[in-house]
Amino acid sequence: MFKTVVTKPFDDQKPGTSGLRKKVPEFQQENYVENFIQSVFDSLEGFKGKTLVIGGDGRYYNREVVQIAAKMAAANGFGRVLVGKGGILSTPAASNVIRKHKAFGGLILSASHNPGGPTEDFGIKYNIGNGGPAPEKITEAIFARSKTITQYMIADAPDFDIDAIGSQKLGAMDVEVIDPVTDYAELMETLFDFDAIRALIKSGFTLRFDSMHAVTGPYGKEILERRLGAPEGTCINFVPLEDFGGHHPDPNLVYAKDLYDLLMSSDGPDFGAASDGDGDRNLIIGKGIFITPSDSLAMLAANAHLAPGYKSGLAGIARSMPTSGAADRVAEKLNIGMYETPTGWKFFGNLLDAGMATICGEESSGTGSNHVREKDGLWAVLLWLNILAVRKLSVMQIAHEHWATYGRNYYSRHDYEGVDTSGANKLMDDLRARLPALPGTSVQGLKITHADDFAYHDPVDKSVSEHQGIRILFEGGSRVVFRLSGTGTSGATIRLYIERYEPDPKRHDLETQAALADLVRAAHELADIKGHTGRDKPSVIT
Ligand code: G16
């Protein structure tokens, strides 16, 4: 019934910021998927007879890998797998299923916001029993194992029926196919005042939710249209497609430009939002105003107590280092903890488990809370709606009031995608070597007060993560940060994060890129971006 297959290791199965992401043809190499999944199982202890959750964002190759993963789980001794119907579970929904059903862990099949299709991206990520991405200790063990693996185990059984809700058997193991939306929608009802949001919508408030032909389509339909009474047509691009209709399912101003343009038009809706391939990212746009993810984190944190799930206040806020400091000012006012972590949701897990942080967020369009252990796109949309329903103000009014209270952190990210890897590494190495000499010097008329290579000391498990991005701080609270992306699948991507703090309300209506122009020039001069990459302009500005 089970067979052991002899295999040879691959040397490139190192999980990145969020699991292993590669082009589909790389995953389709003989034994490639099996080697990685076996390396995951070999890095875990104590799962015999326990439950594994399997689900993905529905992209090309999802259904095949679900079958492989379930058969390998059976052969390795799991007692039960829970699978989303059609192999589908959004990333936050998978996190919730792991927690709710007390599973040992889960395999999430997704390359998130990266494009999908036969020649595009795929990914596999392991989440632990708290529902969150495996911490570095485990991802490092998986990579080490993948370099020495010699065999894997798999059930010699026909495929199970991935589309039939209910129980089946795969050898001795139970397979339970579940509705991907139900548990998640129930959780949302416990956190938010659905009556208040329903009343807001009934009063004529209009919204648009763009699922970008990715996994949140069925979640948006069920929650926004069926449970909250938004009219049909509120959800757009809601049919999940294996190639996302040929688009990048990345909810930013470049790939969700149509939504942005709609919200900037005079007859557009009051509120617009989008989510990504696997449903963990969000884009929030009010009528006439885009809310940066960093600002969204700060505004949600400042108002979260208005939603039932957070009415007793927040224990603390956490943000990734490149995320703007807007939330820090909220934490200071609320007199609660503020934590600055490396990029990657996995770093929030310990803080959430320890009850030190309640809300977390990242500049990369991610916000979430202790309700699951992943960022959660639809959760952010619902928290915004709950706040709007209670405050009876527009998004624009809430933003301006927030800036007047806390000051405004102008913020942007410039990505140099697909650049030569050696050039990108050299840029970082050269800059790193100059860091000690920078404080006290000036560039483009801006005085540098501090420069370092960010290292994180986890306050819970005391682990240390080094080389998490180079930050250069200027007098007055402005800064530029350089990092290499850990989620790309071709060449290297340099991310330049730019931030300026502006306390004066009379200067809160500047155009963002104009407000940051001198810092961008300083960043170019400091790192010689053109010299190292041949580019003088970013490929994506968000
Ligand atoms: C993943 C991680 C996030 C991270 C983002 C960008 O998001 O979960 O924590 O901020 O990648 O990472 P990088 O800058 O290294 O490309 P997702 O939505 O892709 O899973």
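Placed from the backbone N, Cα and C atoms, the Cβ positions cover glycine too.
As annotated by TrEMBL, domain 'Alpha-D-phosphohexomutase alpha/beta/alpha' applies to 13-152 (among others).
Here TrEMBL flags 183-285 (among others) as domain 'Alpha-D-phosphohexomutase alpha/beta/alpha'.
Assigned with DSSP, the residues of the domain 'Alpha-D-phosphohexomutase alpha/beta/alpha' (294-406) fall into helix, strand and coil as follows: 61 helix, 18 strand, 34 coil. Under the heading domain 'Alpha-D-phosphohexomutase alpha/beta/alpha', TrEMBL lists 294-406 (among others).
Helix first, then strand, then coil: DSSP counts for the region 'Disordered' (1-20) stand at 0 helix, 8 strand, 12 coil. The region 'Disordered' annotation in TrEMBL covers 1-20.
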Please list the DSSP helix, strand and coil residue counts for the domain 'Alpha-D-phosphohexomutase alpha/beta/alpha' (183-285).
40 helix, 16 strand, 47 coil
Roughly where does the domain 'Alpha-D-phosphohexomutase alpha/beta/alpha' (13-152) sit in mean pLDDT, to the nearest integer?
96
